[in-house]
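Novice: Quick paste from Swiss-Prot:
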TOPO_DOM  1-4  topological domain 'Cytoplasmic'
TRANSMEM  5-25  transmembrane segment
TOPO_DOM  26-81  topological domain 'Vesicular'
CARBOHYD  ASN33  N-linked glycosylation site
CARBOHYD  ASN38  N-linked glycosylation site
TRANSMEM  82-102  transmembrane segment
TOPO_DOM  103-114  topological domain 'Cytoplasmic'
TRANSMEM  115-135  transmembrane segment
TOPO_DOM  136-177  topological domain 'Vesicular'
TRANSMEM  178-198  transmembrane segment
TOPO_DOM  199-265  topological domain 'Cytoplasmic'
REPEAT    210-214  repeat '1'
MOD_RES   SER212  phosphoserine
COMPBIAS  221-230  compositional bias 'Polar residues'
REGION    221-265  region 'Disordered'
REPEAT    222-226  repeat '2'
REPEAT    232-236  repeat '4'
COMPBIAS  240-265  compositional bias 'Polar residues'
Amino acid sequence: MCMVIFAPLFAMFAFATCGGYSGGLRLSVDCVNKTESNLSIDIAFAYPFRLQQVTFEVPTCEGKEQQKLALVGDSSSSAEFFVTVAVFAFLYSLAATVVYIFFQNKYRENNRGPLIDFIVTVVFSFLWLVGSSAWAKGLSDVKVATDPKEVLLLMSACKQPSNKCMAVHSPVMSSLNTSVVFGFLNFILWAGNIWFVFKETGWHSSGQRYLSDPMEKHSSSYNQGRYNQESYGSSGGYSQQANLGPTSDEFGQQPSGPTSFNNQI
């Protein structure tokens, strides 16, 4: 039930917070010659974070010439992989929810549904772990590449002490941090569901039968042995009691009375 409710929501939050991100930073370069200054240099970037394609122009403080620069790094592979896993997990969760609710008999027919569900759950657990870890590393690279201090180091005008370079505002990464959190939450959710899906497969029930059969055989043989011992003891006891009574052959017949007394009279 938890998978039916939380799996689609967690997957949706994961790809929405990452795939829908767009942010930016603003820098200012104050040259000695004020006419050459630019106090509002906006640098925008977004998913899939191909930062090397993000270009911007800054003053050189050496006349009207502008310097064209680009950000450093490319985290598109990890970001796209993460979003792809989230989208497919979302779609599968919705499809599985429909099957659970409306096609329960078809799901359990020939045990095919639980087996497929178990395999897919294991695969998605692994993909969530790999995708979340890769995206966490990719996000760390994005933060470094878009750090205003790092970007200012790329400008030739900022290497001259007479010019003043500063960051007006930094990019907001809260939604990207949330995407990483939801990625690992999805891994915990899917990995924790492996055991519950496994119990619905035939492998779990067959394993229990395999373990219970030897125990039943051992218990039946033990009870049979006890029954034989009790039967043997009881039969022996009765035979001994039967042999304790005297027989007519051993003691003979008792005399009926003295016959010689009648003869004397």
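A Cβ is built for glycine as well, from the same backbone N, Cα and C atoms used for every other residue.
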Novice: Helix, strand or coil by DSSP: which one applies to ASN33 (N-linked glycosylation site)?
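Specialist: Its secondary structure by DSSP: coil.
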Novice: List the same-chain residues at least 6 positions away in sequence whose Cβ sits under 8 Å from the Cβ of ASN38 (N-linked glycosylation site), in sequence order, or say none.
Specialist: SER28, VAL29, VAL58, PRO59
Novice: Excluding the flanking five residues on each side, which residues at least 6 beyond the ends of the topological domain 'Vesicular' (136-177) place their CB within less than 8 Å of a CB in that stretch?
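Specialist: Contacts of the topological domain 'Vesicular' (136-177) (Cβ under 8 Å, skipping residues fewer than 6 from its ends): 17-18, 20-21, 23-32, 39-40, 43, 45, 49, 51, 58-62, 67, 69, 71-73, 75, 77-79, 82, 183.
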Novice: For the topological domain 'Vesicular' (136-177), how many residues does DSSP put in helix, in strand and in coil?
Specialist: 22 helix, 6 strand, 14 coil
Novice: So what's the average pLDDT for the topological domain 'Vesicular' (136-177)?
Specialist: 95
Novice: Which numbers of helix, strand and coil residues does DSSP report for the topological domain 'Vesicular' (26-81)?
Specialist: 12 helix, 24 strand, 20 coil
Novice: Which sequence-distant residues neighbour the topological domain 'Cytoplasmic' (103-114)? Criterion: at least 6 residues beyond either end, Cβ under 8 Å.
Specialist: 197, 200-202
Novice: Compile a sequence-ordered list of residues in the same chain as ASN33 (N-linked glycosylation site), six or more apart from it, whose Cβ lies below 8 A from its Cβ; state 'none' when nothing qualifies.
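Specialist: Non-local contacts for ASN33 (N-linked glycosylation site): CYS61.
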